[in-house]
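According to Swiss-Prot, the features are:
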- 8-68: domain 'TRAM' (DOMAIN)
- 81, 87, 90, 168: [4Fe-4S] cluster binding site (BINDING)
- 271, 300, 305, 321, 348, 369: S-adenosyl-L-methionine binding site (BINDING)
- 395: active site, nucleophile (ACT_SITE)
C-alpha cells in the first residue's frame, strides 16, 4: 500500500492588536495601554488609532508595529526617504522634529528629576539641522546573481537583505554627491564578488573612503579606484584581512572654530554630527567655568575631542583612554596643535583606577564621555578625587540615571542638564549633565 503524504497547511500565527496611542517615547515609539499593559508601537503617533502586528509580548510590556490606521494624526508627516521603515537607519521621519525633541527632553528630565529633591536647571536643547547632518556612512555591497552587478546600500531593518540607495537624506551633501558615482564605478569592477563594504567619512579636508575586500584585489580594479580617488580628490583606504592601507590622499582631520585640528584614521570613532559636536564641546567648556587655575581630568577621552579644547583654557589637562592606539593619537594631536599642558594615559576604566600614578594628581574638575555601558566601574575612584564639578556626556539615558544616582550618593547634586539632538529622526538620546558638590 502506498501512503500519500499530505503536508499540513501552514497556519497564520501573526497576532494583532488595536491600540489608541496616548504618548510618544524618546525612541519615537507610540505608547498605548491595553488591559494595564504598556505597548510600544512603531510608526504610531499620539491620538492615532492603529491596528498593529505584535512583535514581542512580555508580561509587563509589549512591542508592536502599526499596519493599519483607523484614525491618523494630523501632525503625521510624509517621510522624506523612500526607504523609511525598511532601512534601519531612521525611526522617526514621520514625526515632526519638534515632537521628536520634546519627547527626548521629557524622557531625560523625568528620569533625572526623580534623583533629587533640589531643582535641576534644565537647559534648552542643543540642536541643529535635522537633515544632511551625518558625516559618516557605511554601505554594504552585494553581488546580485540576477543582474550580475554590485548592489550598494544599507541593510534592511532586522534582516541581512540589502536596500540599494543612491542618496541618504541624513548624510552630508559631500557623501550624497559620491553615491551615484560609486555605483557607476562598481559596475566596472572585474571581480565584484570579493567586495565587502564601503565607508565614507566627510572630513574637513575632503572625503575619506574605505573599501573592504575579501580576496586579493585585481590590479585593474586597484587602478580604477586610484583614478576615481584622484578625480574626486578622495583619501582612499583599502582593507583586507591583513589590515588597512592608505593608497591615496592626506590624513583626514576635522577642525574646530578655534583652530584645533584633530587627525583621525578612517575607522576611528568620531562624532557623526560635526556641527553638534562643536556645540556640545562649547557647552561643556561653558558649564565647567574654566580658568587658568584649573586642573582637569578627561575620562574616556578618545583621541582628544574634549581634552584639547579643555587644555587651551586651563592650567593642565589629563586624558585617560582604554585603547592604547587612541592614546597615541591623542598625544600626536596635542603635539600637532602645540598644546603642551596636556598628558594622556592608557587605563581600563572598567576597573578602579586608584592605583594609577596619574590618579595621585589633584583635579578640581572632571569630564567624562563614556560608552553606552556608562561609567559605573570608574565612579567610586572618580568620587575619591573630590572634584568640585563633574560634567557627564551620555549617549544612554538608562546608564546616565544609574551613574547619576551613584554620584548623588557620594554627595554630588545635578546642577543642570540638556539634551543634545545629535541624531535627529533616530531613537538615540545624547545628553550633557553637570554635577556639583552639595
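Cβ coordinates are placed from backbone N, Cα and C, and glycine is handled just like the others.
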- request: Would you kindly give the Cα-Cα distance separating residue 81 ([4Fe-4S] cluster binding site) and residue 305 (S-adenosyl-L-methionine binding site), rounded to the nearest Å?
  value: 32
- request: To the nearest whole angstrom, state the Cα distance for the pair residue 87 ([4Fe-4S] cluster binding site) and residue 395 (active site, nucleophile).
  value: 22
Message: Using a 10 Å cut-off on Cβ-Cβ distances across all protein chains shown, tell me which of the binding-site residues (348, 369) has the largest neighbour count.
response: 369
Message: By the count of other Cβ atoms within 10 Å, pick out the sparsest of the binding-site residues 271, 305.
response: 271
DSSP residue counts for the domain 'TRAM' (8-68), split into helix, strand and coil: 0 helix, 35 strand, 26 coil
Inter-residue Cα distance where the pair is residue 300 (S-adenosyl-L-methionine binding site) and residue 168 ([4Fe-4S] cluster binding site), in Å: 31
Message: Of 300, 321, 348, 369, 395, which is closest to residue 90 ([4Fe-4S] cluster binding site) if I measure between C-alpha atoms? They're all recorded positions.
response: 395
Taken over the domain 'TRAM' (8-68), the model's mean pLDDT: 92
Task: Work out how many Å separate residue 369 (S-adenosyl-L-methionine binding site) and residue 81 ([4Fe-4S] cluster binding site) at their Cα atoms, rounded off.
output: 32
